[in-house]
Amino acid sequence: MWGFYPLEVCVLSVSAALESLRGCLNDEFPASSGTRIFDVSFPLHDAFDPLLWCGHQPQWPQFYWQQRSGDEELAALGAVKTFSSLAEAQRFLQHQQHQDLRICGLNAFSPQVGALVLPRLEWRRVGGAASLRLVLCSDASLREDAHAAREFLHSLTAEQARPAAIPELLSERHVPEYPRWRELILQATRAIAAAEMEKVVLARATDLRFAAPLDAWSIMAASRRSNFNCFHFLMAFNPQQAFFGSTPERLWRRRGTLLRTEALAGTVAGHADDRQAQALADWLMHDDKNQRENMLVVEDICQRMQDEVQMLEVLPPQVVRLRNVQHLRRCIWTALNAPDDTRCLHQLQPTAAVAGLPRRAALDFITQNEPFIREWYAGSAGYLSLAQSEFCVALRSAKVENDTLRLYAGAGIVSGSDPEQEWQEIENKAAGLRSLLLRKM
């Protein structure tokens with residue numbers, strides 16, 4: 001049994017919205033399987049921050065995602081259902097009637113692995129309109145799930161968290177340290193010279209240990225304030241473990257069968273002075289090594305998607321200016337033969353911008369030589385529904401476990417890459433989050 005119930009009420013606060021949803025559960029529900037969706041329109045005002053509200057609740061998992069344009073934002077609490085892969089999530093949606101029922105979460109760097117949920121409660125903003133959604137879904141008894149939802153809603157509070165101070169930093173360790181990094185780059189360039197591969201993206205993890213447990217939501221709030229032109233995402237698995245980041249790169253956006261993806265590769269430092277930043281951007285636009293690196297990604301995406309689409313349109317290159325770095329970006333627009341997010345993930349992740357070329361050779365090199373497991377880093381974060389989907393690439397990201405934060409950054413290695421320059425590039429990329437941890441928040 002399926003049902004969608006938009007509530008014709010006007011609420012002025014999250015307290016009133018939660019109360020309206022609690023009222024929906026006073027009805028009698030059948031002791032049979034089904035899905036019910038209840039939506040309450042929600043006002044937009046400066047006093048409510050979904051990020052700080054979500055992070056203050058005693059329910060997990062917690063998920064936050066904001067589109068880089070700022071036009072779309074969601075915060076989700078709890079899990080009615082969990083999925084260990086995007087393919088599993090898509091199969092579930094194909095048996096649902098509601099086109100806009102959303103599943104959100106993460107895909108690992110190895111895209112067969114995911115941490116995706118159908119949330120119990122979802123706050124959503126699109127443009128200037130926001131809503132709060134409650135989902136009931138059961139394979140056995142909607143009545144029992146409604147009881148669980150009542151307990152869930154009664155555990156929530158309207159209060160928002162106050163940003164917590166960053167504890168004292170006790171130690172910092174790179175994996176690998178520079179001597180081993182230099183060996184890796186030279187090893188990679190030798191493999192490229194021997195035509196074993198054209199490009200490989202190598203990453204570094206930096207482990208920061210603090211004097212007390214970290215609040216990932218406070219760090220995310222600071223990153224959102226500081227890192228513009230970025231997607232912002234956070235998934236808290238429990239009170240001690242979270243993965244979050246502020247990334248400039250879209251993996252894909254689908255509206256029906258219309259698809260947008262992009263090649264974001266090629267990097268130069270940023271600068272606070274506009275004229276100097278523009279001079280660096282001009283250099284990036286005309287630098288052969290960076291243009292070659294970007295076009296390798298474009299060609300790889302087009303080749304991988306050619307059997308899934310009717311045509312591909314590659315837009316002219318542009319420079320994306322971030323807080324600490326600038327990137328080359330070419331947008332790619334197309335129309336899918338069928339709206340299949342599992343195929344999109346399989347074809348697009350990992351792109352040459354986060355793995356290399358050819359994909360198999362680059363992945364083998366990473367697996368054999370990178371001294372840590374990437375897990376969620378360079379995977380993707382976002383949501384999918386029958387109507388639409390959008391995922392960003394999980395770069396400029398970090399993993400929190402109690403008092404330790406692991407910060408990730410990577411660099412694309414091609415013919416002519418210099419170890420010292422690539423080390424400085426990952427230092428610049430990591431600075432977007434690292435700088436937030438070394439100052440009072």
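Using the three backbone atoms N, Cα and C, a Cβ is placed for every residue, glycine included.
Small disclaimer: the values here were computed from a predicted structure and weren't measured.
Taken verbatim from TrEMBL:
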ACT_SITE  K199  active site, proton acceptor
ACT_SITE  E249  active site, proton donor
BINDING   E293, E425  Mg(2+) binding site
DOMAIN    180-429  domain 'Chorismate-utilising enzyme C-terminal'
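Of all the recorded positions listed here (E249, E293, E425), E293 has the Cα closest to the Cα of the residue listed as 'active site, proton acceptor'. The two recorded residues E425 (Mg(2+) binding site) and E249 (active site, proton donor) have their Cα atoms spaced 17 Å from each other.
Rounded to a whole number, the C-alpha distance linking E293 (Mg(2+) binding site) with the residue listed as 'active site, proton donor' is 15 angstrom.
Within 10 Å of the C-beta atom of E425 (Mg(2+) binding site) sit 20 other C-beta atoms, taking all shown protein chains into account. Counted within 10 Å of its Cβ, the other Cβ atoms near E293 (Mg(2+) binding site) come to 26, all protein chains included.
Annotation note: the residue listed as 'active site, proton donor' sits in a coil segment as assigned by DSSP.
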